[in-house]
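Going by TrEMBL, these are the annotated features:
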- His186: active site, proton acceptor (ACT_SITE)
- Asp41, Asn104, Val128, Gly129, Asn130: NAD(+) binding site (BINDING)
- Arg91, Arg97, Asn130, Arg161: substrate binding site (BINDING)
- 5-151: domain 'Lactate/malate dehydrogenase N-terminal' (DOMAIN)
- 155-328: domain 'Lactate/malate dehydrogenase C-terminal' (DOMAIN)
Amino acid sequence: MDPIRVVITGAAGQIAYSLLHSVAKGDVFGKDQPVELMLLDIEPMMTVLGGVVMEVMDCSLPLVRNVVPTADPMVAFKDADVAMLVGAMPRREGMERKDLLKANVKIFKAQGQAMDDVAKKTIKVVVVGNPANTNAFICAKYAPSIPKENFSALTRLDQNRAQAQVANKLGIPCNDVNNCIIWGNHSSTQFPDVSYATVKVAGKELEANSAIKDDHWVRNDFISTVQKRGACVIAARKLSSAMSAANAIVDHVRDWWQGSGDRMVSMAVWSNDNKYGIASELMYSFPVKTAAKGKIEIVNGLKIEEWQRERMDLTCKELVEERDAALAECEE
Ligand SMILES: NC(=O)C1=CN([C@@H]2O[C@H](COP(=O)(O)OP(=O)(O)OC[C@H]3O[C@@H](n4cnc5c(N)ncnc54)[C@H](O)[C@@H]3O)[C@@H](O)[C@H]2O)C=CC1
Ligand SMILES: O=C(O)CCC(=O)C(=O)O
């Protein structure tokens with residue numbers, strides 16, 4: 001099989017350090033798919049990145065056909081099939097993710113422009129660097145020759161956090177929880193929702209709500225725990241999540257490349273195809289299904305109650321504000 005060209009930005013940073021091994025050994029694209037790794041970081045990090053390249057080589061992994069460290073986006077994105085856009089400044093304690101907008105959004109403008117010039121038009125892009133949804137919007141906007149459907153932002157970490165909270169509440173393994181949804185922004189306004197989730201308890205498939213039997217928890221503590229999880233990790237580690245973020249990137253891109261099957265998963269995607277009344281031209285997280293190497297389809301038609309509507313609209317409002325601020329920043 002021919003190798004695919006996979007770009008990882010922020011390649012000298014902490015998330016990439018956890019991510020590279022999984023990508024290189026076939027956890028994302030399959031155990032028979034060779035990869036060329038295009039590792040982008042900024043010029044001052046080239047020595048560190050050189051060390052990362054040595055380590056990738058020293059893993060002696062058969063699927064790795066080439067590793068290219070570079071500080072030049074035009075080199076990194078040339079003919080790229082997939083891009084995992086991690087490189088950006090992380091927030092520190094006390095900041096909201098949108099406080100990073102000014103520092104980070106122009107990175108994604110420049111990378112969108114580079115992709116527009118040199119990447120394959122079929123490239124699949126996941127944006128991780130925060131504020132992830134809005135950075136993905138900017139990246140897509142500045143790559144007009146690439147379909148908007150090829151861009152996404154990571155909310156899988158939030159989905160995994162939600163699944164883990166439900167599993168913990170019921171005392172069951174995480175893989176017995178399915179279809180938890182993250183609506184909206186990867187921020188403290190996000191809406192983690194178990195209304196359509198199913199769980200397996202004592203061998204029986206049940207609706208999550210009937211198994212949990214605690215509406216107050218589902219509408220309050222559960223939501224705020226997931227919303228604030230990133231901040232709690234920062235408070236404890238003095239660094240933002242990295243292992244769990246890398247794990248979520250693997251889940252997101254694997255499901256996009258290999259298909260999600262019958263499961264709904266959450267991805268922030270171009271909002272224009274939604275039937276939930278969410279404004280167009282946003283990167284909003286929805287329940288989606290994916291066919292292998294195919295288009296991401298929003299799962300439309302789920303019944304929405306009033307209390308859900310309010311939360312979905314609140315996070316939408318924040319995304320509209322972020323988008324407008326980002327556009328103003330990019331036009332300066
Ligand atoms: N969406 C999500 O679920 C999550 C998002 N994040 C975000 O991911 C980003 C990266 O986090 P970490 O790896 O922990 O940060 P880090 O600081 O360890 O690494 C970031 C790397 O990006 C590089 N970088 C900066 N500007 C760049 C550019 N223009 N091109 C290429 N590389 C560039 C830096 O030199 C550094 O090596 C942060 O913005 C963080 O907030 C983190 C966890 C979860
Ligand atoms: O919380 C942050 O700002 C950094 C990491 C992150 O986005 C997360 O852990 O969800």
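Each residue's number is its place along the chain shown, starting with 1.
Even glycines carry a Cβ here, placed using N, Cα and C.
Those TrEMBL annotations? Automatic predictions, nothing curated.
Structure coloured by features recorded in TrEMBL.
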residue	record	DSSP (3 states)
Asp41	NAD(+) binding site	coil
Arg91	substrate binding site	coil
Arg97	substrate binding site	helix
Asn104	NAD(+) binding site	helix
Val128	NAD(+) binding site	coil
Arg161	substrate binding site	helix
His186	active site, proton acceptor	coil
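Sequence-distant neighbours of Arg97 (substrate binding site) (same chain, six or more apart, CB under 8 Å from its CB) are Arg91, Asn130, Pro131, Ala132, His186, Ser187, Ser188, Gly230, listed in sequence order. In this structure, the recorded positions that sit close to ligand 1, with a C-beta under 6 angstroms from any of its atoms, are Asp41, His186, chosen from Asp41, Arg161, His186. Taken together, the residues of the domain 'Lactate/malate dehydrogenase N-terminal' (5-151) have an average pLDDT of 95. In terms of Cα spacing, the binding-site residues Asp41, Asn104, Gly129 all stay beyond 10 Å of Arg161 (substrate binding site). In terms of DSSP helix, strand and coil, the domain 'Lactate/malate dehydrogenase N-terminal' (5-151) has 66 helix, 27 strand, 54 coil.
A count of other CB atoms within 10 A of each Cβ picks out His186 as the most crowded of the recorded positions Arg91, His186. When other Cβ atoms within 10 Å of the Cβ of Arg161 (substrate binding site) are tallied across all protein chains shown, the result is 22. For the binding-site residues Asn104, Asn130, the ranking by surrounding Cβ atoms (within 10 Å, all protein chains) places Asn130 first. Neighbour list (Gly129 (NAD(+) binding site), Cβ cut-off 8 Å, at least 6 residues apart, same chain): Thr9, Gly10, Leu85, Val86, Gly87, Ala88, Met89, Asn104, Ile107, Phe108, Asn135. Listed in sequence order, Gly10, Ile15, Met84, Leu85, Val86, Ala88, Ala153, Leu154, Ala245, Ile249 are the same-chain residues six or more apart from Val128 (NAD(+) binding site) with CB atoms under 8 A from its CB. For Asp41 (NAD(+) binding site), the Cβ neighbour count at a 10 Å cut-off comes to 23, with all displayed protein chains included. Highlighted here are the binding-site residues (Arg97, Gly129, Asn130) whose C-beta falls below 6 Å from ligand 2: Arg97, Asn130, in sequence order.
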